[in-house]
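Engineer: Dropping the structure in here first, questions after.
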Amino acid sequence: MASFNNVLTKAAAGRLCKAMGVRMVANPLVVQLAANAGFEALFIDLEHSTLSLADASAIACAGLLSGLTPLVRVPYQCGIGFVQQALDGGAMGIVFPHIHTAADARAAVQTCKFPPLGVRSMWGQQPALGMRVTAIGRIVEVCNAAASSVIVMIEAASSIENIEAIAAVEGVDVLLVGCLDLSTDMGMPGRFETRAFRTALEKVSAACRHSGKTMGLAGIYNNRELHEWAINTLNVRFMLCQQDSNLLAMAAVDCASAVAKIDRARLLN
């Protein structure tokens, strides 16, 4: 099952991996909606939500069975044990928020990988391998290569200053720009059109190209101009396209508004 890490295979083929964020809906049926829509990955958010590790595991395992690569964003400085539980629960990759330095990135890799690449503790049945009892050597080989992706979030001006060193860390797969936090930290919250913000993204792109890493984008959901520029010019190959809560909110507004427009009683009053 670990062979379908869409984050890695899409990037290797020069194609975009589209992720849907899950931060509100705990029911694993949300995975079927994501699959029907055409997403290839799940971004299960334990940083900005009240979802539990048990919720994350259920959603991740549903993703594994549906061909969607499950990623879990863990809370900042959550500790090795929390990351271990997320991986053992079915995550094929961990999203680490607020990575400022190369040392932060190296610590993230160490946490996710089995020895000799890291310090992750061994468990002999992995969801990414179908929960089959598997030879330990095989678990190490498969999980280190394809079922423990390391996604580090670039969310501060200090991260941009250290971007070349962060991108050079062996074992990091994706540098994911958190646009909301980054623009806020730069003193221009939500002003994605500014030259300074665009320059920061260009620096991430250059560092990724130089080190052979994948650039990702998160936090900008309805700006098609920026999406087009990021994908086709900056070579973004992983994108958090939307969150379940945003999709529900927008659909609810659209539905109520559409019905209100044809409500004759309302028009007469």
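Cβ atoms here come from the backbone N, Cα and C positions, even for glycine.
Take a look at what Swiss-Prot says about it:
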ACT_SITE  His48  active site, proton acceptor
SITE      Arg73  site 'Transition state stabilizer'
SITE      Asp88  site 'Increases basicity of active site His'
BINDING   Glu155, Asp181  divalent metal cation binding site
Engineer: Going by C-alpha distance, which of the recorded positions Arg73, Asp88, Glu155 is nearest to the residue listed as 'active site, proton acceptor'?
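Structural biologist: Closest candidate to the residue listed as 'active site, proton acceptor', judged by Cα separation, is Arg73.
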Engineer: In the structure shown, with every protein chain counted, which of the recorded positions Asp88, Glu155, Asp181 has the densest set of Cβ atoms within 10 angstroms of its Cβ?
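Structural biologist: Per the Cβ count within 10 Å, the most buried is Glu155.
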Engineer: Fewest other CB within 10 angstroms, which one of the recorded positions His48, Arg73?
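Structural biologist: Per-residue Cβ counts within 10 Å for the recorded positions His48, Arg73 bottom out at His48.
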Engineer: Is Glu155 (divalent metal cation binding site) helix, strand or coil when read with DSSP?
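Structural biologist: SS state of Glu155 (divalent metal cation binding site) = coil.
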Engineer: In which DSSP state, out of helix, strand and coil, do we find Asp181 (divalent metal cation binding site)?
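Structural biologist: Looking at the DSSP assignment, Asp181 (divalent metal cation binding site) belongs to a helix.
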Engineer: Roughly how many Å lie between the Cα atoms of Asp88 (site 'Increases basicity of active site His') and Arg73 (site 'Transition state stabilizer'), rounded to a whole value?
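Structural biologist: Asp88 (site 'Increases basicity of active site His') to Arg73 (site 'Transition state stabilizer'), Cα-Cα distance: 14 Å.
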